[in-house]
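What follows is a short report on a single structure.
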Amino acid sequence: MKGEPKTYSMSDLSYYGEKAQQQNEKQQKQYVVRRNSTQSTSKQNVSVVLEDNASESNELPKGFILYASLIALALSLFLAALDIMIVSTIIEEVAKQFGSYSEIGWLFTGYSLPNALLALIWGRIATPIGFKETMLFAIVIFEIGSLISALANSMSMLIGGRVIAGVGGCGIQSLSFVIGSTLVEESQRGILIAVLSCSFAIASVVGPFLGGVFTSSVTWRWCFYVNLPIGGLAFFLFLFFYNPGLSTFQETMDNIRKFPSQFIEIVRNVAYHLLKIKGFSKLNGWRKPFMELIFMYDIIEFVFCSAGFTCILLAFTFGGNRYAWNSASIIILFIIGIVLVVLAGIYDFLVFPKFNIVKATPHYQPLMSWTNIKKPGIFTVNIALFLTCAGYISQFTYIVQYFQLIYNDSAWRAAVHLVACIISTVVTAILCGAITDKTRQIKPIIVISSIFGVVGAGILTLLNNNANNSAHIGLLILPGVAFGGLAQSSMLASQIQLDKKSPTFRSDFVSITTFNTFCKNLGQALGGVISNTVFSAAAIKKLTKANIQLPDGTTVDNLVIYRQTNFDGSHSKLGNIISESLTDVFYMALGFYALSLIFAVFASNKKVTASLR
């Protein structure tokens, strides 16, 4: 009737959804074979380029379209990266307010763990729904988590908000690199990955400064409120300027003018997939959605892997703090965690490929495909990245703690000391991208970066309460060089190992790119918790040995609170104990970098494919 709002039936939404699905599938042509014959050679160069926005002319985006898409991706990635680094300067204030320093590592891990575990899932979600729709959904989830964190009234609520933000941040990080890699040819991906990595590094610069200013001048809650306007800007930039299939400036502007209808199409597309799942349960019973969960999204491996790593991290968190290391609770958590992770690997590598339905359905692939991961060129660089990230996040976090706990610096002043580390990360990422573009070499960059990591971590162990101002700057440069070089090169080194002629190249490309993100984020998650455990255990042991009794008991929480309210100089007994405990953390980081170098040496010598111009 006139005046009544229009409603959509199941069939209506199915129709619109099928229409959106057909358009999405048309836009997601992934393979373009370009053949180039020259007069000077009889050889035919073949370059297979993965494209997410293949148009009718099969041309990659250029000019304004390319730059606008990259800006949208870079800002989205900046948003996710900002939330990692901005919390490094609020640790003391949050611990003081909630009295939970032993759980402070979960400010990083609560964000990084879902970032790691869900990295492999986001690519699977994006394939049927569309990369654009999925990216927008990820930004919305991230914003919800940020708002919860800003309003938190307890450590548990704050960690919960960080977990939700981590779910969205994971989608942003995973899809940014997947989408970005489809916008240019293989030979130019090094530069593109460097540009996106720089947005991460710039967030690393801005994050601690913003966190320090907010914590010192306003409140630490603004470290999360600031994500809301930045996230809104990223959302609309990506909504307007990333449009697969549109190759000209005029087409993009026409598309922006059609924003209402475009937004409705996105909602209809998402609604179609949700109703399709609902329709399966009503019309076809439980079998088809169950099969999709088991084989399309590999839910069994995901549950085993998530539960396993969560148990392991909980054991590291509570061990030596709430429970003794040899207590039954900690031992059981370790055993269950390790068993579940091993079962996840066995299931994906050995059991999953044996199912007949998997053999008959090409798009049913495990989250971690042994066919790809077992390749030395992929396995070695990603393990090296995992170890480097674990060491780097440990150094990054406790460098801030060094200046706050030993010298009683404010959050803002402590953040200033990170500039040397972060600038070296940015410069290295850009330089490595340019070198790869010119020489097509990757392994030398990976090995040299790992060597710098070992040397830098070794030198950083000299950072104690006797170090002078020049040491405060110089000792932080090499860790940034190591992280910037390896984070930029490992993804490209993994991608070039894939067979471009394989019928599963598209899914393999997405899988390997997200696996690289998985290793990076898992390294940060484990590094954040393990470094917190090492510091706490070392500090308690040294306090007990020195027979120092704190007013409210010998715990790391009481140590930090007492130090803040009763600062007695950098060379006092407490100052020496904290300095020695921080040195133990830096030695742990050195161990991570040393292992990373071993794997980097065995990286593949394969070069990047030359561009056809």
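Quick reminder: no glycine exception, Cβ is built from N, Cα and C everywhere.
Placement of LYS96 and GLN441 with respect to the membrane, taken from Swiss-Prot, is on opposing sides. With a cut-off of 8 Å between Cβ atoms, the residues of this chain six or more beyond the topological domain 'Cytoplasmic' (211-221) that come close are 85-90, 93-94, 150-152, 410-416. Contact between the transmembrane segment (582-602) and the transmembrane segment (444-464) is supported by 3 or more Cβ pairs under 8 Å, counting only residues 6 or more apart in sequence. Over the topological domain 'Cytoplasmic' (465-472) the predicted model carries a mean pLDDT of 72. Contact check: the transmembrane segment (190-210) against the transmembrane segment (71-91) gives at least three Cβ pairs closer than 8 Å, residues 6 or more apart, which meets the contact criterion.
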